[in-house]
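Step one of this worksheet: look at the structure below.
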Amino acid sequence: MQLNPSEISELLKSRIEGLGASTDVRTQGTVVSVTDGITRIHGLSDVMQGEMLEFPNNVFGVALNLERDSVGAVVLGDYTGVSEGDQVKTTGRILEVPVGPELKGRVVNTLGDAIDGKGPINTTQTDIIEKVAPGVIARRSVSQPLQTGIKAIDSMVPIGRGQRELIIGDRQTGKTAVAVDTIISQKGKGVTCVYVAIGQKASTINNVVRKLEEHGAMEYTIVVAAAASDSAAMQYMAAYAGCTMGEYFRDRGEDALIVYDDLTKQAWAYRQVSLLLRRPPGREAYPGDVFYLHSRLLERAARVNEEYVEKFTNGAVKGKTGSLTALPIIETQAGDVSAFVPTNVISITDGQIFLETDLFNAGVRPAINAGISVSRVGGAAQTKVIKKLSGGIRTDLAQYRELAAFAQFASDLDDATRRQLERGKRVVELLKQPQYQPLQVWELAVSLYAVNNGYLDDVDVAQILAFEKSLKDHLKAKHAALIQRIEDTKELSKDDEAELAAAVQDFKKHGAF
């Protein structure tokens, strides 16, 4: 077969023109060492801080230390398959997690992968876990209440939508119980909840999920679980992943609530990662940026204005404000609130609910110390009826605690002091509440009205809770319209107050409890 030279050149030209030369340019590095989930990598010259790195066998990591000769990275997930000499590639992406309404009702890990055995989550959107908090101009003041359904909190330490309220106390004082009751209380109120479990036993997380399912709360709740068996990196990043999932709803003009349970364990995990990365330790061996660790997380909880939401959604959502309310939990050691992490978080948040072991052991549950629990912005968000009725409660309690200390030594008390002590005992008893039974606004209003107006002064202390329950049943049966008005308007008009007074007096005459 004879080939013409001109044909050869034409053939080569057509082949070259038809060649698709697409290249995937990515920097590669080599693993130098692997210890406790921390890898040192040589050769990643253009890696970003916080960038996702791809290891062999579909394992991912995050670059945290950018040094002159090497990169310190944490491996997300199982690091046992990573060994010296492995090739590592940059991805050009910051760590992202899936977001959206599809996550509701599911239990996911730090990376947003389903771990509840209900199959994959069909979400199309992702977002980065580390985001800048909304600026000063984008925010609105806190003015709408977030009902926890807990008598002691809604009356004395009210929480508003967009607030950061710390729950602090020793182990086994009911911190998680307060948070879970608050989530259950959001049923039917249009609030999406995110529960982030950090460093807890898998069985404990399972119990919380089961309780949320029993009370129908999982349908509006996302659970992000970083169990004690997960790596330190997964535990420290779980809070940011959960926050991103909550921000999805805030930025679209909806209300969300996020619980971090707890930030003490997150600080421990971050300390472990930092020490393994050979960052210099400071007070209590924490790294120098442990304050920033929590401040950049909690500042993302905010109430944003209509302009922010409209701009974020490109005009799709107009005239709606969004909010993300945070309930961080801190565990103290022997009531020491002046330790490093507790003082940091107290200074960042808008108030704290302090739970005491002594009160818990004395049967006062929830074990809230009203004297040192405060809400710095929630007062502006309190419902009108509760604000009107709860004024005397805090004073009664404070005076009772003060007098009770002196009354131990005094044998002869005057009538005014004795009355004050008796009133205080009844207030303490009334504020007790079983777990998983959050109250509606009208129920709290009725209880506060009864104690403030002296209707409980002649009721035996042991019968207070039975009296309260029977009174509510009486009102449900005979004054349904009244309690519906209080629930709908969140106010107590003069006519309603007169009807309520008559109803309580009628119940006291004929009621059995």
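Every residue, even glycine, has its Cβ placed from backbone N, Cα and C.
What Swiss-Prot lists as ATP binding site is Gly169, Asp170, Arg171, Gln172, Thr173, Gly174, Lys175, Thr176. Under DSSP, Thr176 (ATP binding site) is assigned to a helix (H, G or I) in the three-state scheme.
Non-local neighbourhood of Ser373 (site 'Required for activity'): Met156, Val157, Gly351, Gln352, Ile353, Phe354, each in the same chain, at least six residues away, with C-beta under 8 Å from its C-beta. In the three-state DSSP scheme, Ser373 (site 'Required for activity') falls into the coil class. The site 'Required for activity' annotation in Swiss-Prot covers Ser373, and the record cites sequence analysis as its basis.
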Report the same-chain neighbours of Thr173 (ATP binding site): residues 6+ apart in sequence with Cβ closer than 8 Å to its Cβ, ordered by sequence. Leu355, Glu356, Thr357, Phe360, Ala367
What are the non-local neighbours of Gly174 (ATP binding site), defined as same-chain residues 6+ apart in sequence with CB under 8 A from its CB? Leu355, Phe360, Arg365, Pro366, Ala367, Gln435
Just going by other Cβ atoms within 10 Å, which of the binding-site residues Arg171, Lys175 has the emptiest spot? Arg171
Which of Gln172, Thr176 (the binding-site residues) has the most other Cβ atoms within 10 Å? Thr176
Taking the Cβ of Gly169 (ATP binding site) as the centre, count every other Cβ atom within 10 Å, in any protein chain shown. 27
Same-chain residues at least 6 apart in sequence whose Cβ lies under 8 Å from Asp170 (ATP binding site): Glu331, Thr332, Gln333, Ala334, Gly335, Leu355, Glu356, Thr357
Taking the centroid of the Cβ atoms of Gly169, Asp170, Arg171, Gln172, Thr173, Gly174, Lys175, Thr176 as the ATP site, which other residues of that chain lie with their Cβ within 8 Å of it, listed in sequence order? Glu331, Leu355, Thr357, Phe360, Ala367
